[in-house]
Amino acid sequence: MVLYFFLIIPFVSGVFGEVRYSIPEEMKQGSVIGNLARDLGLDITELGKRKARVVAEGSKQYCELSTETGSLLVSERMDREELCAQTAVCVVQFQLLLENPLKVYSLILEVQDINDNSPVFTNGQIELELVESTILGRRFPLESARDPDMGTNTIKHYRLSQNDHFVLEMNKQVNANAYPELVLKKALDRETQSDYYLTISGIDGGNPLRSGTASIHIHVLDANDNVPVFSQRIYKAFVAENSPPGTLVTKINATDLDDGVYGEVTYSFSHVSDKTRGVVEIDGVTGEVRVIGLMDYEDVNVHELDVQAKDGGGQSSHCKLIIDVIDLNDNSPVISVKSASSSVSEDSSPGTMVALLNVYDLDTGSSGRVTCHITDNVPFRLLSEVKNYFMLVTDDILDRETHAAFNITITAVDSGSPPLFSSKVIPITVSDVNDNAPVFSQELYTVNIPENRPQGTSVIRVTAEDKDFGSNAKIHYSLQLKSDPAATSFLSINSETGDIFTSHPFDYETASHFQVVVSACDMGNPPLCSTCTVRVFVSDQNDNAPVILYPVQSSSFIAEDRVPLAAPKGYLVTKVIAVDADAGHNAWLSYRIIKATEPELFSVGLHCGEIRTLRPFYEDDEVKQTLEVLVEDNGPESLSATATVSIALGDSLPVVDELSDFGEDESAPSNSNEDLVFYLIVALASVSGLLLVLISSVVYVKLCRRSFYRGGASNLPVFPPTYGGPPHYSDVSRWGTLDDDSRYNSFMTTGSWRGDFRFSTGGSVGSGGGVGGGSGIGIIDYDTMTKRSLPPLKNDSLVRLTTSSAASLKPKPRGRLSVPRKV
Ligand SMILES: *[C@@H]1O[C@H](CO)[C@@H](O)[C@H](O)[C@H]1NC(C)=O
Ligand SMILES: *[C@@H]1O[C@H](CO)[C@@H](O)[C@H](O)[C@H]1NC(C)=O
């Protein structure tokens, strides 16, 4: 530290004992201000003794006296600025006191200024706000710096940091402190540089120089000289359709370089088409575009909007927003029936169109690709020849009787993910065609009807069914006339119900069985018909009384039968022959003598009607004998007839031997027996021969039938009439199929005199023995009928036929054959 010693001038004033010193401020403690003893001419040794001391006037003691050297020393820091502030001359007064004797010396210290203070800006941070449009040359006064030092030590000049826009100029107004001013020299642009940071320095004139600085912050304020600028000219956004309200579509970003309200951009739609209105909205502040309504691709697939951005100063600009709606599979396919015939005829050929459908989907892409299919297992299929058009055609033969109606479900599926589908049911009825004939429940109806039932008796009901529908299934029954006019006349039919009635009472004896053909026709166009056979068997009733054929009845006595007087006991006198037109039990006749001239003389065979003698005749027996024979049938209410037999006994008549072998043979001569044996052998041999011939012919016939069966009736064997008549005259032919249990096949007639075999030749009245079975009487017609209506005879029938024919060929006692002699 350098001490500056000012020239200490011992200033001896006129006043006694006054010393004046001039010292720089801020001297170090202990620094010597001056030698007071010498300057005042005092003895140093005296100082101590006289208790010399320096007293200040104020509270502060800046100096002290060194009693050893007599020097005045700085005891405390002296700051001129503190002691005297801004007074030009700074003086501090002291007194030096001496005691013994008291002596006061005045001490004056003049404190000199030194440059110990730097210039200071009270506000070290200067803030300035300038509008960027400020005109050049505009001055902005700045605060001046302060320096407490005096004179040259105070502020001398200011300096501004380096910059392009501003300079500093001093304002030297009269009677005022000079202060610096900031002058704008170059136009400002906030958008280029909005803030300038400068420093201003105040520099004093001391030596060395001291300076103080302040920083200046110049904030350039905005002028609305910019329009909002969009980050893109065209915004493109993609939004899935059906996005819920609130979905962010895009964010519009426009920037305005201006500051404050001039840079505050608000967004709005400047042009919205009608279709877009209500679909999206824009947030005026953030520029966010959001969905608010229904975004439907099928309605509008692209939204085009004009967006305006406007700043607070009213400047605006525009951009375009294009929103592409992304199609979603939100539409089910639509099936629309363009035409459909509700019914299709069952005889339609495959490929007949039933319905035409249009199938479409409002979606696009794969969501709009539609495939179509129908229910399985139906005789229909879909055919598509034009895009989106499907024809429903028949694929098979239809049959209303199997399937009268169909519900065809058509399902359309699009290819979206997940796929949507819809379906439609097309009801189709199959209309009827008369393709089914009526079908009888039975092909053959068999019915038994007792004879003599009144006209209109119900016989049977035939029923037929037709699977068709309506009039095609309505059945009309009728008797087929041409099948057999005679039989048809027996019956009538209810054409609606199929009930068959008798047209008049039947007579078993006229026709025991017949058949008619019933046809059932539907009402279709053309009608279809089918037939069935009704076979009617008339069952017999006992409505015919026996008829006496022999002897011929007359009112007067005619001795038809003569008996030799010598006739032995058991002699066959005659035979009552009666027939009954009925059949079976009703025709089973029994004979009884109810009245006789000589009761014990004759007997009648109960079933054969043979009248035999009970004893030999006596002389006195009456020549004319009359018998009344009651012939009764075996019906439930038996009918009867009475035969009157007249017998004449005659002397001259020879006794016929053959007739007696039946009775007691013991009376016959032995040689006649030998003759008989011979005859028997001859007859047996011839019969055996005939039998052989017959058997071989039967075998031949069988073979012929087998090989020539299809040749027709001409191949059937024809037996010689002598063998008992045509074969079909037998019972077998009469009954056709004799298996029928209700037939009485064993009681045809018992018109034989010995009952040992039956006559089987139904029609043998004229051709056989003349007195054959009576059962054929009155039914001669019958053969022609059976020939037509009955099937050819079976082989077993033929065998039976032939055996019965053979039976009729057995050797018959000549006498027996010739018994019914006419007298
Ligand atoms: C706007 O765009 C500018 C420039 O691309 C970007 O700096 C700013 O962050 C965007 N503002 C918004 C709100 O996205
Ligand atoms: C078709 O559908 C209708 C209505 O559901 C029904 O009455 C009818 O019986 C159905 N037909 C067939 C053949 O399934």
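The backbone N, Cα and C atoms fix where each Cβ goes, and this holds for glycine too.
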Segment assigned the feature region 'Disordered' in TrEMBL (from 764-783, 784-803, 804-823): 804-823
Helix, strand and coil residues within the domain 'Cadherin' (65-121) as assigned by DSSP: 4 helix, 26 strand, 27 coil
Secondary structure content of the domain 'Cadherin' (336-440), with strand meaning DSSP E or B: 4 helix, 57 strand, 44 coil
Average pLDDT across the domain 'Cadherin' (231-335), rounded to a whole number: 90
